[in-house]
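S.K.: Pasting a structure below so you can have a look.
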Amino acid sequence: MATHTPVENNYLKNASEEELRRQKAIDDWLPITSSRNGKWWYSAFHNVTAMVGAGVLSLPYAMSELGWGPGVAVLVLSWIITLYTLWQMVEMHEMVPGKRFDRYHELGQYAFGEKLGLYIVVPQQLVVEIGVNIVYMVTGGKSLQKFHDTVCDNCKKIKLTFFIMIFASVHFVLSHLPNFNSISGVSLAAAVMSLSYSTIAWAASAHKGVQQDVQYGYKAKSTSGTVFNFFSALGDVAFAYAGHNVVLEIQATIPSTPEKPSKGPMWKGVIVAYIVVALCYFPVALVGYWMFGNAVEDNILISLEKPKWLIAMANMFVVIHVIGSYQIYAMPVFDMIETVLVKKLNFKPSRMLRFIVRNLYVAFTMFVGITFPFFGGLLGFFGGFAFAPTTYFLPCIMWLAIYKPKRFSLSWWTNWICIVLGLMLMILSPIGGLRSIIIDAKNYQFYS
């Protein structure tokens, strides 16, 4: 081993300190690690915004394809399993003393190794986050369009493309908010909106009352049709609970000391978020299905044509909520892109870099949304591959890899049951999704 002279030692020490300083400067600039003064209620509304998608409005339709028994079972089971895997993520965020896993893939790297962890987690996380962003572009555009058509019946019809552009214009501004804490206002508004339009959906259904000759049987004529619809509805319900991709990133914004770790406030926020999620999901799914039976539309707001002002309002709420959700899901993507540019390609962290990167990303999601306005149908297919793992069983596999619970102990069984159920979801829901793509493909129009 070569001995270094004191001068060399000094030089090496300075070099490593310099490197540490540089890394710290970069971390203070990156969106996820830059601001660590989040409150527990930030975590509550970030989680609500991330989890309650506009998908809640299609839950009655999913119920009609599942039927009463299986439908309720799937809803409740998903709620319990995802709450458990969320608890695991919150626990694992700081299980190594003095270190925080601020990003999903950092936890993956710790569990599966540097290289493998990246290869397992990053592609799935990106599919989910970019997929959700594209779907939200289309959802936002469609809701604006419905708002316009409801408020003004005899206006000239405007193409969906332009509404998506209008919706995207908001994000060209909002995307430049630097980190999670700076979008907490947007997120709070979104969380309130999601509760509001869910309430409108079920209250208006209840007010309308049970329809005449309502039927609760399966709609499909053939057995195979029923089975495929069942699979596809499984996917719909599974994706209703998919906020796990941004959990660690949200927890990273909460301050932490050895005496008061971040998991305390974070968990408090998660519990509140999950209660709100239950208040949004269960009434909408059950009341909607109960009132309309299997004649319910895939968006419950369409089944409720009147009163006009209420439906218009609900659509506007959806737009505001989707604006917040888009930002929550985009933030980790911005973080990844900026990390690669700054750490790997040695760009200088600057306002300009951020401006260019984020505008390009918003433009990209907008362009894809405009080109494939039927992207939601595709998500059922792709989502099955990425949503199910990141939400239902990746946390369990990491837990088993890191904590190594005793075989056949309670923890061991719980995790394996979640893994098996998650795997079944991952295999079955894309089958249903693929079939609906094949059936609807003839109606698909690019640039509708």
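From the backbone N, Cα and C atoms, a Cβ is placed for every residue, glycine too.
Heads up, here are the entries from TrEMBL:
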- 37-432: domain 'Amino acid transporter transmembrane' (DOMAIN)
- 40-59: transmembrane segment (TRANSMEM)
- 66-87: transmembrane segment (TRANSMEM)
- 116-139: transmembrane segment (TRANSMEM)
- 160-177: transmembrane segment (TRANSMEM)
- 183-204: transmembrane segment (TRANSMEM)
- 270-292: transmembrane segment (TRANSMEM)
- 312-334: transmembrane segment (TRANSMEM)
- 355-375: transmembrane segment (TRANSMEM)
- 381-403: transmembrane segment (TRANSMEM)
- 415-438: transmembrane segment (TRANSMEM)
S.K.: With the transmembrane segment (381-403) as the reference, which stretch in 183-204, 270-292, 355-375, 415-438 has the largest tally of C-beta pairs below 8 Å?
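M.R.: Between the stretches 183-204, 270-292, 355-375, 415-438, 415-438 has the largest tally.
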S.K.: With the transmembrane segment (355-375) as the reference, find which of 160-177, 183-204, 415-438 contributes the most Cβ pairs under 8 Å.
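M.R.: Out of the listed stretches, 160-177 contacts the transmembrane segment (355-375) most.
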S.K.: Cβ pairs under 8 Å only, please: of the recorded stretches 66-87, 116-139, 270-292, 312-334, which one is richest in them relative to the transmembrane segment (160-177)?
M.R.: 312-334
